[in-house]
Amino acid sequence: MVTIRADEISNIIRERIEQYNREVTIVNTGTVLQVGDGIARIHGLDEVMAGELVEFEEGTIGIALNLESNNVGVVLMGDGLLIQEGSSVKATGRIAQIPVSEAYLGRVINALAKPIDGRGEISASESRLIESPAPGIISRRSVYEPLQTGLIAIDSMIPIGRGQRELIIGDRQTGKTAVATDTILNQKGQNVICVYVAIGQKASSVAQVVTTFQEQGAMEYTIVVAETADSPATLQYLAPYTGAALAEYFMYRERHTSIIYDDPSKQAQAYRQMSLLLRRPPGREAYPGDVFYLHSRLLERAAKSSSRLGEGSMTALPIVETQSGDVSAYIPTNVISITDGQIFLSADLFNAGIRPAINVGISVSRVGSAAQIKAMKQVAGKSKLELAQFAELEAFAQFASDLDKATQNQLARGQRLRELLKQSQSTPLTVEDQIVTIYTGANGYLDPLEIGQVKKFLVQLRTYLKTNKPQLQEIISSTKTFTEQAEALLKEAIPEQIELFLLQEQT
């Protein structure tokens with residue numbers, strides 16, 4: 001017969017009471033009223049914050065964007081096909097953030113920082129908010145170091161500095177992405193981390209860019225963030241902020257970074273789609289009223305850090321596509337007013353075989369000249385003005401039948417200057433090579449040559465100087481100035497080489 005001992009029972013009850021944990025978890029929940037087109041309307045979620053992540057019953061994550069009196073408008077980070085009306089939603093208490101680490105270098109990721117290159121997970125111990133405030137005035141210093149693109153037309157006449165924001169703008173198929181990718185290729189060995197953000201691009205175009213980076217050995221210092229044309233609007237809207245968060249991680253670790261947004265007008269279209277579906281009032285070109293803020297808060301994150309913060313930098317190169325050269329459209333004017341200058345690419349120049357098709361007359365760099373090395377300033381100082389005058393003169397010369405000798409000479413010089421600015425894709429030039437090239441053209445050494453011979457001669461001259469006059473490169477790279485000694489070396493070498501070249505061409 002079982003005997004019940006009262007003291008044992010009382011001990012068990014006492015233990016249970018001591019172990020009882022009165023922990024209460026409060027979850028902010030709501031119910032799905034309506035779902036479709038990447039948008040969900042939620043009843044409840046009374047204490048949700050603007051921009052807070054919410055989780056649906058079947059696992060989809062969304063962002064609370066519209067906080068209205070009787071419901072919450074949520075944009076979905078997925079297709080939302082499994083979300084049902086009446087299912088529950090809970091607030092997570094978190095704002096969108098991504099993991100960050102050095103391990104992201106060389107990888108292709110999506111807007112949520114998940115790898116999409118099939119090479120396994122990326123380990124990261126830290127995380128950063130996707131949207132973090134831009135550095136304040138005290139945290140910055142003025143731009144003073146050059147970011148060399150390797151493109152002679154840009155580095156000589158529209159220079160970009162580390163920490164600058166320079167817009168690349170032009171019609172479709174004018175080589176905008178090529179300018180940006182060449183800039184990334186030229187950062188090899190320059191200790192610059194590059195982030196390329198593809199927003200709403202064709203998957204084949206992104207694959208082509210990644211292949212170029214891999215072939216040229218640029219992936220080891222590059223991160224590619226890609227949300228292709230078939231991605232949900234929410235992810236296309238988030239992708240640039242994800243790229244900026246990754247670049248900021250390196251900037252605040254005293255590194256130099258360069259970020260390319262290709263292109264923010266696609267992000268604006270995704271944001272317009274989300275806003276219209278959330279029934280926000282449309283404005284000009286049906287964009288919402290805060291589309292300027294969409295881009296300004298993104299591009300203001302590019303900065304040159306102060307010496308107290310380690311002098312890291314983040315250079316932004318947004319790419320904007322225009323429709324038949326119309327730069328007065330809404331998004332182009334917005335981005336032009338936010339950035340520190342713009343590089344215009346012209347379809348007419350591109351079709352005329354001038355590539356990169358940079359329209360030097362209307363391209364500007366508002367702060368880059370402070371970053372240009374002294375040697376380049378000395379040599380290329382007058383080039384931009386000369387080319388602008390040449391373009392004007394060329395237009396005038398079409399109507400004039402007989403031109404005087406001085407005008408003919410100026411036209412011939414201008415044609416040769418324009419010829420030396422032509423450059424094939426993925427063939428960046430060092431600063432020293434650029435200085436030699438411009439000096440040769442600006443001082444009339446190319447005048448005896450036919451226009452078709454210019455490119456061939458310049459290649460020959462650069463090769464000769466590298467092998468026979470290595471001290472020239474050493475002088476420019478060590479002093480950063482174009483000294484009398486450097487000029488004397490060139491004055492000696494160029495006429496010799498021209499004579500030799502002309503003899504070779506005759507035989």
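Cβ from N, Cα, C; glycine included.
Record features, source Swiss-Prot:
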BINDING   GLY170, ASP171, ARG172, GLN173, THR174, GLY175, LYS176, THR177  ATP binding site
SITE      SER363  site 'Required for activity'
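There are 27 other Cβ atoms within 10 Å of the Cβ belonging to THR174 (ATP binding site). Within 8 Å of the centroid defined by the CB atoms of GLY170, ASP171, ARG172, GLN173, THR174, GLY175, LYS176, THR177, the record's ATP site, lie the Cβ atoms of GLU321, LEU345, ALA347, PHE350, ALA357, excluding the listed residues themselves. GLN173 (ATP binding site) counts 12 other C-beta atoms within 10 Å of its own C-beta, drawing on all protein chains shown. Here the Cβ of GLY175 (ATP binding site) has 20 other Cβ atoms within 10 Å, regardless of which shown protein chain they belong to. If you measure from the Cα atom of THR174 (ATP binding site) to that of SER363 (site 'Required for activity'), you get 15 Å. Taking a C-beta cut-off of under 8 angstroms and a sequence separation of 6 or more, ARG172 (ATP binding site) has the following same-chain neighbours: GLU321. Geometry remark: GLY175 (ATP binding site) versus SER363 (site 'Required for activity'), CA distance 15 Å.
Sequence-distant neighbours of THR177 (ATP binding site) (same chain, 6+ residues apart, CB-CB distance under 8 A): SER205, VAL209, ASP262, ILE319. A strand conformation is recorded for GLY170 (ATP binding site) in the three-state DSSP classification. Within 10 Å of the C-beta atom of ASP171 (ATP binding site) sit 18 other C-beta atoms, taking all shown protein chains into account.
For the recorded site, THR177 (ATP binding site), the DSSP three-state label reads helix. Listed in sequence order, the residues of the same chain lying 6 or more apart from GLY170 (ATP binding site) and placing their CB within less than 8 Å of its CB are LYS176, GLU321, THR322, PHE344, LEU345, SER346, ALA347, ALA357.
In this structure the alpha carbons, written CA, of ASP171 (ATP binding site) and SER363 (site 'Required for activity') are 15 Å apart. When secondary structure is read from DSSP and collapsed to three states, SER363 (site 'Required for activity') falls in the coil class. Here the recorded positions are LYS176, SER363, and the one whose Cβ sees the fewest other Cβ atoms within 10 Å is SER363.
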